[in-house]
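Features of the protein shown, as given by TrEMBL:
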type: DOMAIN; residues: 5-119; note: domain 'Tetrahydrofolate dehydrogenase/cyclohydrolase catalytic'
type: DOMAIN; residues: 138-284; note: domain 'Tetrahydrofolate dehydrogenase/cyclohydrolase NAD(P)-binding'
type: BINDING; residues: Gly164, Arg165, Ser166, Ile230; note: NADP(+) binding site
Amino acid sequence: MAQRLDGKALAQKIQAQLATDISQRDPNLRPPGLAVVMVGDNPASAAYVRNKERACDRIGITSFGSHLPADTAQETVAELIDQLNNDERVDGILIQLPLPSHLDSVALLNRIAPDKDADGLHPENMGRLMRGEAGLRSCTPAGVMAVLKEYNIDATGQKAVVLGRSILVGKPMALMLLAANATVTMAHSRTEDLPALCRQADILVAAVGRPNMINSDWIKPGATVIDVGINRIEDETSGKARLVGDIDFASVEPIAGAITPVPGGIGPMTVTMLMHNTVLSYRKRFNG
Ligand SMILES: NC(=O)C1=CN([C@@H]2O[C@H](COP(=O)(O)OP(=O)(O)OC[C@H]3O[C@@H](n4cnc5c(N)ncnc54)[C@H](OP(=O)(O)O)[C@@H]3O)[C@@H](O)[C@H]2O)C=CC1
Ligand SMILES: Nc1nc(=O)c2c([nH]1)NC[C@@H]1CN(c3ccc(C(=O)N[C@@H](CCC(=O)O)C(=O)O)cc3)C=[N+]21
């Protein structure tokens, strides 16, 4: 039976540490600030934004929420970002994705000042990751790396397969595993014979967005299985909505070496790394 990698517990531990760090700052300094920009009424986005604001409250980060209507013009969002870039109280800026389709999300993400890019998605920070330089790292893959570290899972020399190649998760994930000396394969919707490829993985990271896609036939016995997927499905028996990952947990848990659950795995770690990045930017701003 696989060891459960408890992202929720680790998230609580790191958040408690961040709260202590903030409470011990010079009382003459303002607290760290995070601005979350949301456009439209996607219910999932609204739930994530609430989670982020709650985490800010717990830790002592001031949150500046901007909720704009779905039909907001590109210029208006761009101006808001400029304003937040220049706002002395703000250390981190996050634009909740996906944005409504009339908006150019790449242009907006690129407009965030790189030293306030709490999501780590600006080309400067992604370039730094690629070059192995210090910078703000994308939250979800950074959360995965923190879980591996907490459980002493050393990626050195391990075969890692990353399923998914998005800018938000898959690509930065592969680069972080590479930086940790894994031998990394990136797989996606055009990859042939995915189950055979995944069966070679010592570390498998699934970031696809297909409920329960991966079952035990895809898993090398003893492998570390990281489930990034967050899919809302209707429960067959109760009819209620529930969250499942990309991994069929019940099938995979008996043969994997270690596994992250959904919920309670990488989701809470993503929120935590966002807080971590905000505090990092704050400290840099005050040379602390
Ligand atoms: N836990 C967390 O904190 C977070 C969770 N998520 C969740 O992670 C999942 C992925 O998110 P994100 O990266 O933004 O999603 P995207 O939709 O941007 O990317 C999905 C990736 O999966 C690949 N893919 C899709 N279908 C298949 C398939 N049948 N076989 C193989 N590969 C496939 C796509 O390939 P191709 O490029 O060829 O189209 C693409 O690279 C979602 O469930 C999302 O909700 C996201 C962010 C944070
Ligand atoms: N710019 C941007 N950055 C993101 O990091 C980003 C984004 N946009 N858009 C959407 C995805 C998704 N995402 C999640 C964050 C937390 C949980 C989370 O806390 N999940 C809890 C459960 C939450 C619940 O019950 O709804 C868990 O897995 O235990 C999930 C998913 C961040 N994303």
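Numbering starts at 1 and runs along the chain as it is shown here.
Glycine too: its Cβ is placed from the backbone N, Cα and C atoms.
Cβ-based neighbour count (10 Å, all protein chains) for Gly164 (NADP(+) binding site) stands at 23. For ligand 2, the neighbouring binding-site residues among Gly164, Arg165, Ser166, Ile230 are Ile230, by Cβ distance under 6 Å. DSSP assigns Ile230 (NADP(+) binding site) to coil in the three-state reduction, outside any helix or strand. Remark: Ile230 (NADP(+) binding site) has Gly209, Leu243, Gly245, Val262, Pro263, Gly267 as non-local neighbours, by Cβ distance under 8 Å and separation of at least 6 in sequence. Every protein chain shown contributes to the tally, and the Cβ of Arg165 (NADP(+) binding site) ends up with 18 other Cβ atoms within 10 Å.
In terms of DSSP secondary structure, the domain 'Tetrahydrofolate dehydrogenase/cyclohydrolase NAD(P)-binding' (138-284) contains 53 helix, 30 strand, 64 coil. Remark: Ser166 (NADP(+) binding site) has Ala207 as non-local neighbours, by Cβ distance under 8 Å and separation of at least 6 in sequence.
Mean per-residue pLDDT, taken over the domain 'Tetrahydrofolate dehydrogenase/cyclohydrolase catalytic' (5-119), amounts to 96.
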